[in-house]
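Student: Pasting in a structure now, in structure tokens, and then I'll have a few things to ask.
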Amino acid sequence: MLSALARPAGAALRRSFSTSAQNNAKVAVLGASGGIGQPLSLLLKNSPLVSRLTLYDIAHTPGVAADLSHIETRANVKGYLGPEQLPDCLKGCDVVVIPAGVPRKPGMTRDDLFNTNATIVATLTAACAQHCPEAMVCIIANPVNSTIPITAEVFKKHGVYNPNKIFGVTTLDIVRANTFVAELKGLDPARVNVPVIGGHAGKTIIPLISQCTPKVDFPQDQLATLTGRIQEAGTEVVKAKAGAGSATLSMAYAGARFVFSLVDAMNGKEGVVECSFVQSKETECTYFSTPLLLGKKGLEKNLGIGKITPFEEKMIAEAIPELKASIKKGEDFVKNMK
């Protein structure tokens, strides 16, 4: 059942460039001038699914918006600069994507970003709760394992929390898993789908290779190496960029893929499945990423973990303590805010 549904969204990204799709989504990008924000905004501007694109940052947004506005696609683009302009950026939005925050540098974990990015995410999501409480909120800012609990607690404080509308974007883990499996097996990566569950950092990233479509088999040593590469792929890019940033282009692609899937589902397309880090009852963690069936109102049905191998069970068991700690850290941050 799941594998039949779960041929997600490489197709959504391709379809988003066709002109037959409905063009009505009002999308805001918060952190639009950054390394992820600029290429993400370009991909969104290029899609006929988007009718209005509002860009926010604390620097350079008028320039980014002016540049993008010259592209011959239908989305109307406007830039907003600084906190006093944020409410206008958010009004009437259907989807808000938040890549804002500082990137990783060599030697840093995603968790090292916590102190800076926690404040940024709490501030931006408070504005969302006030000015577009009904919008879908897609969090890219790391550490996602903590920034999603932060977002949820902020929305609860404002009395507008809806767990079906807040998503931690883990799509890059799926994109990487698909790519690496395809490389090893000589397959077309656009036709490979590996569900990745758990969280979005290190060993909390759990690729379910046993559920890959098409079915693939690896010897245990190769499976362990492949899993490790998927888990540490972000660090691979940070090292390769040698201090010049983290994964920006692939993250922008993955973020756009998730947004297009979400908008497709909001437009009434059926059978749209993406993995995302959301409030969950699938494990003892209050948030957990699994394949989700998306619908007109966001998360329609959590499709759960499904049948897994002992190797995958062990990875889940090992990830849960770290995930619980990251979730608590995010929740405590909001509870202790002045």
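Positions of Cβ are set from backbone N, Cα and C atoms, glycine also.
Pasting the feature list from Swiss-Prot:
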ACT_SITE  His200  active site, proton acceptor
BINDING   Gly31, Ala32, Ser33, Gly34, Gly35, Ile36, Gly37, Asp57, Asn117, Ile140, Ala141, Asn142, Met251  NAD(+) binding site
CARBOHYD  Ser33  O-linked glycosylation site
MOD_RES   Lys78  N6-acetyllysine
MOD_RES   Lys91  N6-succinyllysine
MOD_RES   Lys203  N6-succinyllysine
MOD_RES   Lys215  N6-acetyllysine
MOD_RES   Lys239  N6-malonyllysine
MOD_RES   Lys307  N6-acetyllysine
MOD_RES   Lys307  N6-succinyllysine
MOD_RES   Thr309  phosphothreonine
MOD_RES   Lys314  N6-acetyllysine
MOD_RES   Ser326  phosphoserine
MOD_RES   Lys328  N6-succinyllysine
MOD_RES   Lys335  N6-succinyllysine
Student: Can you tell which of the recorded positions Gly31, Lys78, Lys91, Ser326 lies nearest to His200 (active site, proton acceptor) in space, using Cα positions?
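Tutor: Closest candidate to His200 (active site, proton acceptor), judged by Cα separation, is Ser326.
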Student: Assuming the binding residues for NAD(+) are exactly those in the record, Gly31, Ala32, Ser33, Gly34, Gly35, Ile36, Gly37, Asp57, Asn117, Ile140, Ala141, Asn142, Met251, what is the maximum CA-CA distance in angstrom, rounded?
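Tutor: Roughly 18 Å, rounded to the nearest whole number.
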Student: Which of the three DSSP states, helix, strand or coil, fits Ser33 (NAD(+) binding site)?
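Tutor: Note: Ser33 (NAD(+) binding site) is coil by DSSP, not helix or strand.
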Student: If you skip the near sequence neighbours and keep only those at least six away, which residues in the chain come within under 8 angstroms of Thr309 (phosphothreonine), Cβ to Cβ?
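Tutor: Expected: Ser210.
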Student: Using a 10 Å cut-off on Cβ-Cβ distances across all protein chains shown, tell me which of the recorded positions (Ser33, Asn117, Ser326) has the largest neighbour count.
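Tutor: The residue with the densest Cβ neighbourhood is Ser326.
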Student: Out of these recorded positions, His200, Lys307, Lys328, which one has the fewest other C-beta atoms within 10 Å of its own C-beta?
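Tutor: Comparing Cβ neighbour counts within 10 Å for the recorded positions His200, Lys307, Lys328 gives Lys307.
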Student: How many neighbouring Cβ atoms, not counting its own, are there within 10 Å of the Cβ of Gly35 (NAD(+) binding site)?
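Tutor: Other Cβ atoms found within 10 Å: 19.
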Student: Should His200 (active site, proton acceptor) be counted as helix, strand, or coil on the basis of DSSP?
Tutor: coil
